[in-house]
Structures are given as structure tokens and as C-alpha cells.
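Asker: Pasting a structure here, questions to come.
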Amino acid sequence: MPFVIEFIAGLVTLSFLFLLYVKYSQTYWSRKGIPYLKPHSLLGNIENPFKRKRGLALDVKASYDTFKRRKIKYGGIYFFTEPIFMPLDTDLIKNILSKDFPHFLGHGFQFNEKYDPLSGHLFNLEGEKWRNMRVKLSPTFTSGKMKYMFKTLLDCGGPMIDHVDNLCKSGESLDIKEILACYTTDIIGSCAFGLECNSFKDPNAEFRRYGRKLFIPSFKVLVLQFLIFWIPTLPRYVPLKFTPDDAEKFFINAVKNILDYRTVNNVKRHDFIQMFLEMQEKSKAEGTEGFTLNEIAAQAFIFFLAGFETSSTTMTFCLHELAFNQDIQDKLREEICETYKKNNGELTYDAIMEMKYMDDVLNETLRKYPPVPTLNRVCSVDYTIPDTNFTIRKGTQVFISSLGMHRDEEYYPNPTKFDPERFSEENKATRPAFSFLPFGEGPRICIGLRFGLMQAKVGLSMLLSNYKVKPEKNESYNIRFDPKAFILGKDGPVKLRTEKLTA
């Protein structure tokens, strides 16, 4: 009995001390004299991560909106006990992302390549490792390399059109979200791995299956994210792993088999894997250290994930808006058809790069639905905000709400309205450059941005030149975002109907 009493007393004492620690930690911003939002629970200003009803992106946007109403340039919030710095001023955001980038080098995502080899990709890397990898990967996305890959995009569009044709003839509505995910999966499977995924013939093909699985975080992953955000150095000492074992095995084996086959049979292709083979040959000739299998697999892995999901969700949101805005759809179709006509019924890389209204429509889609709704940075060197006495300390997390900025009436009046004219040259000139951040900005801007937009332009051109899209009868215009998704996406399918166009 005395043991039980001592145990309970110890538990109560520890709980009390823990509560004191949390409460004291959540006074960080008030002690610094910085405007802040009062934590609404022990979890800070973020809702329970295990019972997500709206998601982190909307939590951060709500904080942005509150600070904006208070007319302040920056403020502080809390994720549990972790203080988060939130800049709102576009000049300060420019400093953080670009001008004073050396003070904010990383995203702050901790990982351990030994236990989770596929986590050692460009998005997670920091410092010299990130810089060296970025320099080596950049040639993959030059105009010349993308022209070589352009035919692959057209080839992958054929099965998509056949699939939509069959649904259109049967009178079925389309889950356009799944159709576009299959399309971009086939593209990335070919451009990154040199493999035919055949997602339309086999919806459970391995690449498509793992694509679905990896973008729906398990409870285990949610717990790990929470722990690592609270204790950033944890992965250095504990064998934590985000990637499921079966997915890790599949991607590493896929890369190994492709590398071995091409080396033995002297096969060459214009794709991501070929670039690594050429860099390996160059390193061997120079007597320098090349890439390990795991390093190559990790880069191919993130190219696959980021490449298929961001483009497919952008096209999904775009078609959703066009279905409800027929005048905009008609105007875009007119430009697409004129482009085909000028090029003898063909779609070319140079032609889609000249489609101005397509750019405006995609930019407006990215404004309203930024794939990365919250940009993360971590302060790597103490940084004093210009013209103030406040210093952001090393290790402080920084959240930039691109979703909040993109729906800020100061920059985009009537922000819920879908209006591509916002991106006319005349209208763009009225806004600060850093008020539009769908893929980040500065040295860490998304490396595959141009490739992703190329995918979207080809997919939309092929669909809209063949079909008129309309909303399903019960499809709501207002979208509920998936609260658990890493990339901003709709919770559930996006149902549209198509009407075949006659020549």
C-alpha cells in the first residue's frame, strides 16, 4: 500500500511539474515582448493533431488572419511548447526566403538516413549536403531536358483520354482527382524510373498503390511528427522511421534493378535515373565519391511523390473551378484549340510555354489552392529583424502561411472568387512579389516547379480540347480540405461530368 501511495504521489508531482513546464514554455513570446496569440490549450494554437478536423494549414491561416486584423508585421504562436515565429510582412518574408537565406537554410524536418534511408532526399537535406545535391539535380529540369521528356507526357495522356472516353460514353461521372493521379503517376514512373506504370489498366499497380499509401499518414506517422516537432533532435538518438517498410523495399529495389539493368545492357534514356548514371560515371572517371544506392533512391522517391501529387491536385482544383466557371473554361479552351491549330494539330513544348491565359488560369488555381499551404523554415543563425531590436534565435521554427497570403484581401480583393485576370501583367504589378508563394521562393524554391507546370499544361490541354467539364449534380463548389494530407487536397473525390466535343 505505501508503494501505491508513493507511486500516485510521484505521478501527481511529475504531472504538476510537466504542467508548469508547458505553461512556462508558452510564455516565450510574452517574455520577448512580441505580439502573440494566447494558447487555447496545452497543445498551443494548433488543434489536436490526432483528431484533425481542419488540418494544420487552416490552423496557421487562422493565426495569419488574426494577426492581419491586428495590423502587425509578425507575431508568435505555439505548437505545444514550441514557439513558432510567423512573418506577415512581405519584405520580411523576402528576407527570410531569399535575401537573408543563410540565416534560414532548412525546413527543420529532422530525419536519420541510417534508419530511414528514403528520408535523405533534397527536401529534408540542409547545409552543404543540400547545396551539393541541389547543384547536381538542377540540370534535370533545364528546358533541354524537359523537351526530351515532353513526348512521355503526351504518351501518358493517351490512356487518360481513352479512359475518360469510356466513362463519357457510359454516362458515368468522373472522379477527376483519381484520374489525374493515375496520369501523373504514369508520367513520373516513366520520367523518374523509366518504367510503364499502366495505372489506368491496373488501378492497383504498385506505383499508384504506394502513391495513395504515402500521402495518407498513419496514426504512427502523426505521432512521430508530433514528437519530432516537439523534440527536433530525437531522430539522432532513436531509430524513428516515417517510410513504411514495404514502400522502402519497393522503391530501393526498383532503383537497384533499373541501375543494374541499364549498366549491364548499356541502355540509355532521357530520364532522372539516367542522369544519376551519368554522374556516377563522371565521379568514377574523376576518382571522386559518387552516390550510394540509398541516396539515388531517396531522390527518385521524392521526385515521384512531389511530382505526381502536386501536379494532379493542381489540375484537379483547376478543373473543379472551370466546371463552375464556364466562361473561363471556354476562354482557356479557345487558347488551347488555337495552339493546336497553329502547330498542325500537335502539342509541342514551345507551344505550351507560350499559352499566356493557361499560365493565368494555373496561377489563379495555385493562388487559391497552394500545394504547400504553409512554408516551414528554421532559423540556423540568430537573426535580428531589420529596424527592430528583436532577434529570432537559432533553432526557432518559422511558419509562412502562403494560404493566408493568397486569400488576403489586401493583395487579392474578393479572394474566394476565381479570377485569372489577377495575373495579367498589369494586375501583377500592383502586388508585392512575395505575396504569391505556391512553391516557396528563393534558393529553396521547388526544384521541379517547371516540370510540374508542364505536366499540368499538357494534361489540361488534352482534356479541355476533347471535353467540356461540368460539375456533378450534387458536387459542392466549396471544398473541404483533407485535414491529414501533406499536400493541400480535397477530402474525398472530386466528381465532374464530361461532354465530348465535336470537331
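Don't overthink the numbers, they just go from 1 along the chain as shown.
Yeah, the Cβs are placed from backbone N, Cα and C, and that goes for glycine too.
Automatic, uncurated: that is what TrEMBL annotation is.
Below are the features listed in TrEMBL for this protein:
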type	residues	note
BINDING	Cys446	heme binding site
TRANSMEM	6-22	transmembrane segment
TRANSMEM	214-231	transmembrane segment
Asker: Would you mind pulling the DSSP three-state label for Cys446 (heme binding site)?
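Answerer: Reduced to three states, the DSSP call for Cys446 (heme binding site) is coil.
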Asker: For the transmembrane segment (6-22), what are the same-chain contacts with Cβ under 8 Å, counting residues 6+ beyond its ends?
Answerer: 42, 80-81
Asker: Just to confirm: which same-chain residues, 6+ apart in sequence, have a Cβ under 8 Å from the Cβ of the residue listed as 'heme binding site'?
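Answerer: Looking at Cβ-Cβ distances below 8 Å from the residue listed as 'heme binding site', excluding near sequence neighbours, one finds Ala306, Thr310, Val372, Phe439, Gly440, Gly452.
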